[in-house]
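Engineer: Just lifted these from TrEMBL, have a look:
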DOMAIN    8-136  domain 'Casparian strip membrane protein'
TRANSMEM  20-38  transmembrane segment
TRANSMEM  45-68  transmembrane segment
TRANSMEM  88-109  transmembrane segment
TRANSMEM  130-150  transmembrane segment
Amino acid sequence: MKDFCGTPGTYLGLVLRMSQFIFAAGSIASMATSTSFFNLTAFCYLIASMGLQIIWSFVLALLDVYALARKKVLLNPVLISLFVVGDWVTATLSLAAASASAGITVLYFHDLGHCRFGEECQKYQISVALAFLSWISTSISSLIMLWLLAAG
């Protein structure tokens with residue numbers, strides 16, 4: 001089971017963590033450069049959720065880099081349990097935030113027609129799309145961690 005794809009301390013594990021980090025950072029950057037994201041609670045929740053995702057992914061990416069430098073695979077059951085819980089929590093928060101923001105984006109800007117500024121609306125849509133991409137990579141990672149814990 002040591003050569004399983006996405007195991008912590010492997011190159012694919014590092015790629016998953018870096019993609020989570022990059023997509024979450026892009027989501028925050030896109031949302032934060034708009035002028036009035038703070039007026040809608042769902043967008044503030046998206047910023048908070050992606051901030052937590054950035055911290056979590058960065059710390060685990062550092063662990064992956066450390067394990068790659070030491071040429072060891074991180075298969076400690078306690079560590080894998082921590083990864084499972086953290087990944088599932090951040091995946092749930094990311095999905096909730098991305099879904100809420102997508103719903104507000106569709107309702108507010110398409111259904112109600114309040115999008116007078118095309119560039120700002122595009123920033124919101126890009127931010128939501130990047131949040132969903134971050135969630136996809138987080139959910140892949142969380143399923144891999146759950147599989148590793150079950151195979152333990």
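Glycine too: its Cβ is placed from the backbone N, Cα and C atoms.
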Engineer: Please indicate, using numbers and ranges, the residues of the same chain that are 6 or more beyond the transmembrane segment (20-38) and have a C-beta under 8 Å from a C-beta there.
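Structural biologist: Distant contacts of the transmembrane segment (20-38): 44, 46-47, 50-51, 53-54, 56-58, 61, 94, 120, 123-124, 126-128, 130-131, 133-134, 137-138, 141.
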Engineer: Please count the residues of the domain 'Casparian strip membrane protein' (8-136) that DSSP assigns to helix (H, G, I), strand (E, B) and coil.
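Structural biologist: So the domain 'Casparian strip membrane protein' (8-136) is made up of 109 helix, 0 strand, 20 coil.
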